[in-house]
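Listed in TrEMBL for this protein:
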type: DOMAIN; residues: A:60-256; note: domain 'ABC transmembrane type-1'
type: REGION; residues: A:275-296; note: region 'Disordered'
type: TRANSMEM; residues: A:9-30; note: transmembrane segment
type: TRANSMEM; residues: A:66-85; note: transmembrane segment
type: TRANSMEM; residues: A:97-124; note: transmembrane segment
type: TRANSMEM; residues: A:136-158; note: transmembrane segment
type: TRANSMEM; residues: A:179-202; note: transmembrane segment
type: TRANSMEM; residues: A:237-258; note: transmembrane segment
Amino acid sequence: MKNFRFSSLMLVLGLIFIYLPMLILVIYSFNASKLVTVWGGWSVKWYVGLLDNSQLMGSVLRSLEIACYTAVAAVALGTLAAFVLTRITHFKGRTLFGGLVTAPLVMPEVITGLSLLLLFVAMAQMIGWPQERGIVTIWIAHTTFCAAYVAVVVSARLRELDLSIEEAAMDLGARPWKVFFLITIPMIAPSLAAGGMMSFALSLDDLVLASFVSGPGSTTLPMEVFSAVRLGVKPEINAVASLILLAVSLVTFLVWFFSRRAEEARKKAIQQAIEESAADSWKQPDARRAPAPGAA
Amino acid sequence: MNMRKFKRRINRIIPNGRQLVIGVPFIWLFLFFMLPFFIVLKISFAEADVAIPPYTEIYTFAEQKLQLLLNLGNYAMLGDDELYIAAYLGSLKMAFISTVLCLLIGYPMAYAIASARKELQTVLVLLIMMPTWTAILIRVYAWMGILSNNGLLNGFLMSMGLIDEPLQILNTNLAVYIGVVYSYLPFMILPLYANLVKHDNSLLEAASDLGSSTFNSFWKITIPLSKNGIIAGCMLVFIPVVGEFVIPELLGGPETLMIGKVLWQEFFNNRDWPVASALAVVMLAILIVPIILFNRSQAKEMEGKE
C-alpha cells in the first residue's frame, strides 16, 4: 500500500501545482496597487476600467460570436465523424479517415495555422473566396480542430452504448436516420453537450490559429491579450485573465452538472424499467390463472 | 403505384445516406486539414517576392510550354544556417525532457485518481480537465508574474532569507520547462487515467497471492498493461511541444531557440512565407512518425480493441 500513499501525495502536490498559479492570478487582479508585485489592498477598479475599453469589449464580443458558431458546427461534424468511426467499420479510405480525425489533436498549431492561411490565400486567387479573412475563416479553422475533440468524446460514449436498442428499432422497421435521431442522439446527448461546451472554451482560448487566419480588423480576445502580455504583466490583464478563468470554470461546472444529472436520470430509468418488468412477470401468471376453469 | 415509386426512390437514397454520413466529415477534413499541407509544400518551393501574396508562382504557362520552377533555396538555407538547425534541436530537446517530466509527475497522479473512490474520481478528473479548456496564454501569463525578478517566488525566497539577490528565472530555459510541464501535464494524465481505470484488479491480486511484491507487480503488470495510455499521453505532449510558440515567446529568453517561435518570426516579422513553409514541411517530416504512432494508438482506442 506504500505505492498508493506515494501516488496520493503526488496527486495533491500536482493539483496544488496546477491551481496555485491561477489562484494567485485571481487574487492579484483585485490588487489596488498599480505595481503588480506590491499588494496595495483590495479593489475592483481594474474590472471597472475594462468596461471603458471599447477595443477590448469589441474583441470579446467577436470571440464569443466565433465560439458559438464553432460549438454548433464542431458538434455536428465531430458527431458524424465519431459515428462513422464507431459504426461503419469497413469502407475505402477508413485508415486515412481515422488519421484525419485524430491528427488535429496533436498537430502543432503553427503548422495548422500557416497551412490554413495559405489555403485561404490560394482559394481567394482561384475562386475569389474568401475576399476578406475574418470571422468566417477563424470559424473554419476552429471547427476543424474542435471537431477532433468532439469526435473523441462522442466516440467514447458511442462505444459504451448498448447496440441492441438500435438493432431492435431497425428490426421493427425504423429507417437508419430515424434510429439515429430518435434513439442514438438522445442517448449520447450528455456527451454532445460536453463536446459543445469544450469546443466553445477551446475556440474562446485559441491564439495561434486565429492570428494566422484572421484579417485586419478582426482581432479576437486572445490576440488582444497577447499583444498586451508581450509587454509584461499589467493589472488590467490580470482582470481580463481572471474573467476568462471564471467563464471557463463556469462552463466546466455546467458540463459536469448536466452530465451527472443525465447519468442519474438514466440510471433511475433503467432501475425503474427493471422493477416494472419484474412486477409484470409476477402479475402475468396470476392473470393467466384467474380465468382458469378449475378455480371457478 | 405512386407509393411504390416513392419507396424505390427512398431505397435509392439509403446507400446515398451512408455515403453522405461518411462524405461530409471526410470532405471537410480533406479540404481544411489535408489539402492545406500540399499548398504549404508547394509554397516551400517558391521564392519570396514583394507582392500580394508575397511569393512567386512555381509554374508558368506561356507559348504552350508549362514550366515548373522548383526553388530549393529555402531548404538549402535551412541546412546551411545554424540558427535553424539549433532551433530544431532545441525544440526536440525541450519536447523530450518535458515529456519525460510530465510522465514522471503524471503517472503517479493518474494512478492515484484511478484507485480513488468512484464519486471522487469524477471530481478529480474534472479538476484535471478544467485547465485544458483554459487558454494556455492565461496560464503562462500567471507564471510570468510569479517568476519575474521582482515576482512572488523571488520575494518569497528573499523574505525567507534563502537568497540575497533575486534569481533570474523568467526569460530562461528553466522558465520554459516549468511552463511546458505546467501546461501539458493534464494531457498526460487524462489518457493515462482512461487506461489505468480499465485495469482488472484480479491480476494484481493473483500476483500478490503468488508472492509478488507490490513494486514487482506494478512494474511487471500495471506498466505493460498501460502501454497504450503511455504512448497516447507522451505523444499528446511531445508533438505539440515541438511546435510550441506561446510558452517560449512569453517565458523564454534569447537563449531559448525553438522552431515554433522561429517560424512565427519568419512569417509575421520577416514576411518570408516560403521559408516559413519550408520550416513547417521539415517540422512535419520530423513529426510524422510520432503522429502515426499516436493515430494508431488512438484508432485502437476508438475501435475498443486492446
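Using the three backbone atoms N, Cα and C, a Cβ is placed for every residue, glycine included.
Keep in mind it's a predicted model, so treat the numbers as computed, not measured.
Proximity of distant same-chain residues to the transmembrane segment (A:237-258), defined by a Cβ-Cβ separation under 8 Å and at least 6 residues beyond the stretch ends, is recorded for 22, 25-26, 28-29, 31, 36, 46-47, 49-50, 56, 190, 193-194, 197-198, 200-201, 204-205, 221, 225, 228-229.
When each of A:9-30, A:66-85, A:136-158 is scored by its Cβ pairs under 8 Å to the transmembrane segment (A:179-202), the top-ranked stretch turns out to be A:136-158. Counting same-chain residues at least six beyond the ends of the transmembrane segment (A:9-30), those with a Cβ under 8 angstroms from any Cβ of the stretch are 36, 42-44, 46-47, 235, 238-239, 241-242, 245.
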